[in-house]
Amino acid sequence: MVAFSSLICALTSIASTLAMPTGLEPESSVNVTERGMYDFVLGAHNDHRRRASINYDQNYQTGGQVSYSPSNTGFSVNWNTQDDFVVGVGWTTGSSAPINFGGSFSVNSGTGLLSVYGWSTNPLVEYYIMEDNHNYPAQGTVKGTVTSDGATYTIWENTRVNEPSIQGTATFNQYISVRNSPRTSGTVTVQNHFNAWASLGLHLGQMNYQVVAVEGWGGSGSASQSVSN
C-alpha cells in the first residue's frame, strides 16, 4: 500500500508511499452485518446495504520483478526486488467485521509482511494487523498488547511527518498490531484490535480501504492467499 528501515521506517518508506493503489469500482454493496464473498461483482441500488463483495485491488509497485495475479478467490504474488511493493485484495470501505484469510507466505530473503492493512480519515491513520512477517526491523513506540485469535499481538504506534498518504503528503499516525506467533491462515477478529487501540488512545476515523496485503522489499519470496468474510 499497506504499502513502506525500521518496522516503521520500513513501514514508512513503504507503508506510507504505498498508499497509491488501484481500485475496482463498486457496483453494489453488501449486508451491513456481513462482508460479501470475493467475486469483484457489486450491485448498486440498495441504500440499506453497506459493503460490496470484495471490490478493491491493491497493486502498489515501485520497481523490480513483481508478478501479481488477483483471482476470484484471492491473489498470488511472486517477487524478486529491492524496491517496495504492496499487493492484495479487500474492500473500498473497511469495517470491524472479521476477515478470513488462508494460504502460503514464503520469504526467501529481505523483508516480507502479511497483514490486514488499511486507512482511516478524520483522523488520518494508516494501520496494520500483521499476521506474519520476515525480517522487519521493529521501531516506533510499544503501546501495549492485545490477545486475539489464539495469540498475543504487540501494539505499536508511530507518527509519520510530511509523508505520502491517501490524502497526499501529510502527517499521520500508524497503528500496528504484530502477532507474536505468526500464521499464514486463520480469522482476524478486526474488532478486537480496533477496541484495543482505542483503549490505548489510538483512535480511528472514517474507514477508507481495507485489504489483506502482502508487502515486501529487499529480497524475494512468494505468497498465495484466499480472502473471504
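Keep in mind that glycine also has a Cβ here, set from the backbone N, Cα and C atoms.
Swiss-Prot lists 1-19 with the feature signal peptide, giving sequence analysis as the kind of evidence.
Sequence annotations record features per position, and here Swiss-Prot assigns N-linked glycosylation site to ASN31.
As annotated by Swiss-Prot, domain 'GH11' applies to 52-228, with the evidence given as sequence analysis.
According to DSSP, PRO164 (substrate binding site) sits in a coil region rather than a helix or strand. Annotation comment: Swiss-Prot describes TYR117, TYR128, ARG160, PRO164, GLN174, TYR209 as substrate binding site.
When other Cβ atoms within 10 Å of the Cβ of GLU126 (active site, nucleophile) are tallied across all protein chains shown, the result is 29. The annotation active site, nucleophile is assigned in Swiss-Prot to GLU126 on the grounds of sequence analysis.
Positions annotated as active site, proton donor by Swiss-Prot, on the basis of sequence analysis: GLU215. Here the Cβ of GLU215 (active site, proton donor) has 32 other Cβ atoms within 10 Å, regardless of which shown protein chain they belong to. According to DSSP, GLU215 (active site, proton donor) sits within a strand segment.
For TYR128 (substrate binding site), the Cβ neighbour count at a 10 Å cut-off comes to 25, with all displayed protein chains included. Between GLU126 (active site, nucleophile) and GLU215 (active site, proton donor), the C-alpha separation comes to 14 Å. Taking Cα separation as the measure, GLU215 (active site, proton donor) is nearest to TYR117 of the binding-site residues TYR117, ARG160, PRO164, GLN174, TYR209.
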